[in-house]
């Protein structure tokens, strides 16, 4: 389905249903101070057609998981360690920001397709485990999709959309 | 379903399945030069649970329908009049821009949840008719959701996400 | 899915998501004075699994789009030009005809699987754009399916079903 | 869902999941020599959201279950007693009749939304048990929907659709 | 889908949609006095993606169809002959047994995934016809799955789960 | 849906999408040495219709989460702490046990409806976080459903199903 083949049930093995590595901190030494380690159908072939997947999210102090959406999944997340601000924005016309600061053991839901983010608001690292309601949820990082596409979206369009000078758009595009 | 009740089949009437007004040009005298007129379950109660809806899109010369997503629907569009640039960006990690300039009679598809936009690239008005694979597709205009939410997403987060100075973020937020 | 393969996301192109030709009037010089031009997964491979498609409907003055159903889709339609009578019949036991004369800009819904028709009731041509909630909706023209199948349904069965003489059934079958 | 409420799981009882009467022959003393006894969500409230239902079909010698469709369900049928001709017609453009004479113990499938019929081709009664892939499958008897709707579909439309004289259409409508 | 390919619609034949043999009593000369004859996508290729299947259940006097579940289907059953006790158990925390003695013509529903059983409580044979809301419903016989898996589930686990001595578990495992 | 109402989108708040407490160890001082803390639609109303939920699983040394199924969900699990044996049994006729000993950071999948278990095989406590592909997955603990239903399943049935003396069945039933 969607390019992933199904194995013969008679020959599947435990390794087709498992993955190792969610205990390993992702490398957060990057511009946004965060990393996501995924266990989706790409890593676990046995997930095909089963409608779920899991990820680990690491955030260095003040790191962010920048605004993004999952085109095919709702996300549910729990904080394993640290203090994490989370938020999603409701669709037009309200565009309400629904946000909360989560502590260890708190759970939060990001409904399918809505833009959401996470930010470490503590002094230590944040570790979170999240699950998604698709074996192949997809991720769209808004900044990359808008300002870092290949090729670029025309700067005229973005200048008008974000109500800024075209030069600012081009400056941002240059960074992505 | 999702807050919309179903009517008794014995008492439904033609007006429960119809809507008037897709022939009326939307008012494009706004900052982005475009307008969308919707016929979803809000306007047509008989659409409930049926998984489809329709909209008219108007764009003044060089107007844009700024980057947005539909959290619960794929969109298919045809140009009735004018020249229309359309594009969507694939999800991470590729972020490929798939775009095309459409003329009258051309059809284009925006897969569920992906960020897409339209721009009038002709000298006259553009009129397009689009359909969406949900009776309640939702719309998330990226700029409004990111820079115009109520309350604001913290400028720190956006500055880091878009790799710009916090002052630029605040300037954009101030406009929304 | 259902015999249509999915392409590798890395190699899709704009042409996999587009179609040209909905501006071209269909040839209505036929017995029923109408024509349907389709943009489904057959024409647009990128539609696969996305659950939507689009068609153009042309009707000469007094032409009809004869009673038919879509086995896998709800339809939503808008009139671009002309005056169009539309109707669908509810299921047993009520068999209520829900009908309406639509003008330019009116929208109407035909719920999944119900028998419906369109008729041009004006002096000019009718052009309508419709969308369907499946990439592969299927069409069953009732008269062709009932009286024009290959091989024929036994005339005895149809005579009893339609409560007419077998000779009338055979006469109709002979025309299809 | 669709007008049927769900009961509190704590108070459901065996009677919410059962129905009595599929052993009772339906009354086939009618114009078509057949009767269908249904066990759907209307008779069994516990079926709601569960996606299945069951019916008994009785046919007197040479009786027919006239051409019909189920807008929301595939049907699977087995013959308990008698000889039964069954058939369905594939969708446009092929309109192939796929038919077979079934004996006791034979099973046949009618795919969702396709027009199908049954005819007793033996000297005794036929009893069949069928199941449908929806708790609320709906039935559209083609002749009733086309010629017996309330109000009538215009005879002009039907005359053109079936390529017969308007007088024949009116004659048929008068009988329904 | 799930390893079953779809045929080209142009070449399907009646035999792709049919199966012979539900009139033949299953062999109930076994430890549990029952047999199930299935007509699923394995026997009827045309069922693929259509979401339904059918089975015949035979029970010798006092035979049982032991507690089992269908991981992907709701079941609806009707008694053709005999007296049949049926029951299912609701999920945690209530674990209510919903049961009923069915006579010829009675219908009963087993909701998706719940453990259920049937027992012949009459002096003659029982014949039942059941349908399932999947073309590939799967069957999990609880005793076989728990005590007869290959390799065995550790006896320690089962002893604790069923609150019995490990020796009793091993005795049961030895029989499966 | 299924007895859970949807809130008005305009009045939802962060608390409708959150839950506190997955950091608190469940009380494992019970016969099986394990506890499950759930965050489903019962605890988080905003999950309704979104198709996902999350749980924390605690196991004391040698504690077990006894064989059970989720009638409406696939499960994906990761070990936060400890050594955990996991296994599921494939459906008839193979009844293969697919099992694995997981360490911290390992992920494992239990496909929808299949019987599965977990056992702490280390000297310390095990903590696992799991997600399920339904907001209302349900849990059926096999032993409770089979031997602890209210009222009891007849001991005769269970004796035959598990191929043991009726007295052993009654002994087990007495404990539940």
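Glycine residues also receive a Cβ, built from the backbone N, Cα and C atoms like all the rest.
Annotations in TrEMBL come from automatic prediction, not curation.
Features of the protein shown, as given by TrEMBL:
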BINDING   A:65, A:70, A:75  oxalate binding site
BINDING   A:68, A:70, A:75, A:116  Mn(2+) binding site
DOMAIN    A:20-170  domain 'Cupin type-1'
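Taking the features listed in TrEMBL, we show where each one sits on the structure.
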{"residue": "A:65", "record": "oxalate binding site", "Cβ neighbours (10 Å)": "27"}
{"residue": "A:68", "record": "Mn(2+) binding site", "Cβ neighbours (10 Å)": "23"}
{"residue": "A:70", "record": "oxalate binding site", "Cβ neighbours (10 Å)": "23"}
{"residue": "A:75", "record": "oxalate binding site", "Cβ neighbours (10 Å)": "27"}
{"residue": "A:116", "record": "Mn(2+) binding site", "Cβ neighbours (10 Å)": "22"}
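Spacing of residue A:65 (oxalate binding site) relative to residue A:116 (Mn(2+) binding site) is 9 Å (Cα to Cα, whole number). Chain B comes close to A:70, taken from the binding-site residues A:65, A:70, A:75, A:116 by a C-beta to C-beta distance under 8 angstroms. Residue A:68 (Mn(2+) binding site) sits 12 Å from residue A:75 (oxalate binding site), counting Cα to Cα. In the three-state DSSP scheme, residue A:70 (oxalate binding site) falls into the coil class. Taking only the Cα positions, the spacing between residue A:116 (Mn(2+) binding site) and residue A:70 (oxalate binding site) is 9 angstrom.
Per-residue pLDDT, averaged across the domain 'Cupin type-1' (A:20-170), gives 96.
According to its DSSP assignment, residue A:116 (Mn(2+) binding site) is in a strand. Take the mean position of the Cβ atoms of A:68, A:70, A:75, A:116, the recorded Mn(2+) site; other residues of that chain with a Cβ within 8 Å of it are A:69, A:73, A:88, A:110, A:114, A:115, A:132, A:139. When secondary structure is read from DSSP and collapsed to three states, residue A:75 (oxalate binding site) falls in the strand class.
Those same-chain residues not listed among A:65, A:70, A:75 yet with C-beta within 8 angstroms of the centroid of the oxalate site C-beta atoms are A:55, A:68, A:69, A:73, A:77, A:110, A:116, A:130, A:132, A:137, A:139.
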